[in-house]
């Protein structure tokens, strides 16, 4: 049955048997679209069936067929190529809607703390890519799932507007009558995300400074802005031409480009009422009306010519890979911009170029070259420092080598040809090589010499012929040998002797070796006991102990059978002889003789007197024999070192150049080496050679390779480097570079490799300057324009005058104006306002220069001017108060004093003060630079006004010099290595350790310490695995002692008894156990028994020998398996008696007598280097251990015998990081001291970064020293003046001005001083780099009573939207604002709206807002909001968390020393406690008493009660509150630190930790007092 489809359910009503039933048509999902073609021609079907509303199905005929849904429909069949035609179209995300608005069950939070969660939706549909027509979603879903339609979002909490504090109140807007005072504030943060709008930025209050003396002025003259500049009308133009024709002919110094057209402009002048309404000018008739016209220059845009042709390419050669050249083109100015005209465009254009053509020669190419690498330098690792190692020249391993890199000229299309022998290419300026220079340092490796390692000596061999092939001589030797374990560097000649010989008699090359003796066979065949013999089993061996064919021993004497005894039942039974012991000495002499011993023991006594063979006495139980009876005269060949390689005259001359023919750089010919070989007797010295075996004599001559001779090769002298400032003088230097140092007797390098000379005088670059021409006559506005103005006169009034400018070279020659536009200061002004004096005006000449002073600080100096023209006769012009003709001033008083300026320089070492490297050679860039240097401080010279002047006026050379010390770096110092500890295991693999201790920590940038042990931070460990031979220590037991019978059968001398023997642990050598050692070195489990209890056999009892060793258990261990041991009868039993069993069997038990074995691999050791190596390649090792199944290490032979697989490598290569000190380049030359003041610096760069525990790089890579303090002159603006309207106007359009003046400073950043402008004559006329000088700008003066907006504030701080210091991700913003300023209370309604602007910004910061409170003053305190940068603000802090600022108590607190607390109840001041009435009200405030409590040791401590700062006791507290409060606080003081309890053993009581018994008793006493007081109250 299909599930019901929720989309298409058709219901029909059927009445069956009187019941109404609901039947419906459920539908299944649509199937896949099928069809033969792609596109809309497909079809799809679905299942449709009839079902009851309860879920069961029925026949189709029971449902209403008219309601049956379709089971087929047409569809769009999607094919793969439709992917290029359809795609999802994503709509924009809608506004974020809170979840609470979408879900009715979710409540919106009352207080927003961070951001509110929301959901935003978008529309997504499938469309055709070509036209955007919608299509079925199924088409796009065929290729890609439908993108999501909604997503979570955050709605940030509303951010209210934040404003600053108010400014101080302004002065009253009126001097009399009713005015206004304003105070304003600015917007610091705009309202965001629906926050509260900004409050008013301005507050007003009225002010009244008194009644006005007369009637208040209600009207003001207001001037409007000037209109555009207009050309005079034709009539006016003719008038001008008629009057100025002659003068205008002179206006041609610059041709058409300088043609200036003078026009005029007008403006409105109104009379304004204080309410802002415009009235007739007659209401302002009392004031003189400003003029409404002025002359102006007609604006003209800049005009230029067409571009010229491109110039030739600056590069005249072809180089496809090198830098390109440059070509340019230019254009001329035909009309300069005038007035407000558009400026000139770029007059020159440049572009890269490459010359083309067959005749273009190839360019000179420069490439980097390098000298040969220096010798490899190895530094000692800190962990390998050893005070005893005085000579470091033998170090090996990893190191660093350096070389010098220089630039040379080479051909463009081929590599440079090799230079002739002993000649190199000439270095050129390194700036010519453009590629990355090769490395100047690299890691290197010095191969470590491998020391010869030999094995231990073998045992002495038999006496053999010196040469078994030649046995004529009767001389023989016993030899012992050792072998080379590790081949040394340089061949076997560096190894010690490997063979020692002892002369002997009767030599033999082959001999019989007794392998074993057969059982003792009685001589009497009919008897089973009695005397007998043992036949030896022999094998032929050579002198080295190796088995050979038996026929080789045909000349040797076969060993004789041994005599033995088979005891009869009543005979004494003895054990077999033990093997012969080791020889006590290796040779025999006067005081030494080699001996060997063997022993046997009594196993059973004979039957008694006269019965059986008796037992021998004790001395017969041991035997001794001589051994190693040869004399102690040991000889060997001793070799000396190989001599120097010399030319071998026996080799033909044709072979001497074989090395060169092979291209071998290290060897040139074959030579010969010899050495001395002598025969030495041990402990004696040299003896004749015949004492040593001649056949073993080492070689005395060998061939060798002669090294090549190498001459020094230097480059030609490099071209002179550019002149640079050196030692306060200009120097030029050049040098030659050594690219190959001499070796093997080659030619030495020249002594002089660098030269220095004075620099030539620098050439002066061509400069350009503007030349200004005379101002032309002042031109007035046409009379027809100004004739209607009151007071205007035709021939006088304000006008405009013009001038021409031209460009000059510095030497005065003419130049194109474009040169000055590019290389000189801004163009001087071409026009200026002027005034044509009227007849009644007073005209004066310009001021003369001041007269000279006879001496500084003495007298006065004057300057004069005079009346000119008709002004001389006018009386009003003779008023010297208004028109002074003389000015007087005191002569300047120039006094100078020297003062230090700025800080001290860095401590600078003198040149050549570099410490040399460790190996005695100067290492470039080695940072160990320390010792005494000098630091400098500049001295400035100042005049009496504290303005800096040239230092020469103070007779100072400009510096103070002071000695200083640069501390030398001290490296980390460690002790020497301790001795290696003993291997942690005596059998198998263990570890051995050695350590170093920290002796001195590094300081002043010394080499750091290696990683220390983390436990004690003072020790360096080195741990390596070790393998102890499980057979190096063995138990050796002596023969059993004679039986001591405890239960004696006196008749038969048998019964229960005990035997003992000594068991010792001994060092095992190749010759056998040699010397006793401590017992703990041997395996205690393997220790033989030192005593045994047994039964001593009686006569005729069977006697067995000792049990043999147990047979091995078969592996793998199995409880069903067994092992056995056996014994054989030494004495047969008598009649009627039998021998006990001769075999014993026991089951094999795992880990008891049966074991499994496996290999165990240890961890890798630390990287092991050669003894002289400090770093680089080494070997790390690990050990293979054989471990028994009970985890006990055993000898490797157990695992070897089982043939277990050994798949591990025991050695691996490793690298120890080399200690590389930081290497720095040479200091660069000191930078030049420019005309502007400051510091001179030099730098160096890191050539080689430190590695390992090498010395780190110093922090200081730059050094600075002061330049001579010269005056630094610069142009600076003054502040803007107040906005002022014209003199005759009160308000309206005005101007504000500022000046640009010359200032001087000493370069230290301190305050500038104003000086005469002439001193800035050599300084570019610019302010802070801006050459466009602006000295005036238009502004607006508000009319009296007018309400207006302030200027925009500067943009505020860039702020992020943050919460708790975290950025919420909504970007950052900054704001500025304009506040309203009102002047008259009557016009407040006409004020404009305040303005604010916000803009996004970058690099915003999180700023938090917090409430701050001041101290309570009575019942109030200050509460304010503070921004995290310390600014007090309004807004920003949450109002819900605002602290209260007022408090009051009811009834009021009138008692002395009482205060109203925050809880609204009366309390007491600090130092006083409350005494309450019975109804819980404050009765009085009393001083808190002091309680003295004795403590242990008769010490006394003052414990004072502390009044609670925020008491929370309710008003209806219990009686006696003050006493209870006192006791409570005493209890708190005594119990505050009681965090744990401690048990006092002496008192057997538990006390609080840290308190004596007295303190606890005092606490208990306080409790009693408290209870008593409660009872009393």
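Glycine is no exception: its Cβ is also placed from the backbone N, Cα and C atoms.
Residues or ranges marked as domain 'Spondin-like TSP1' by TrEMBL: 161-212, 302-354, 572-632, 972-1014, 1222-1272. Summarising the annotation, TrEMBL assigns domain 'Thrombospondin type-1' to 1451-1490.
Mean pLDDT for the domain 'Spondin-like TSP1' (1222-1272) in the predicted structure: 76. Helix, strand and coil residue tallies for the domain 'Spondin-like TSP1' (572-632), in that order: 4 helix, 21 strand, 36 coil [DSSP].
Look at the domain 'Thrombospondin type-1' (1451-1490): DSSP puts its residues at 0 helix, 18 strand, 22 coil. Residue counts for the domain 'Spondin-like TSP1' (1222-1272) under DSSP, helix first, then strand, then coil, are 0 helix, 17 strand, 34 coil. Across the domain 'Spondin-like TSP1' (161-212), DSSP classifies residues as 0 helix, 21 strand, 31 coil.
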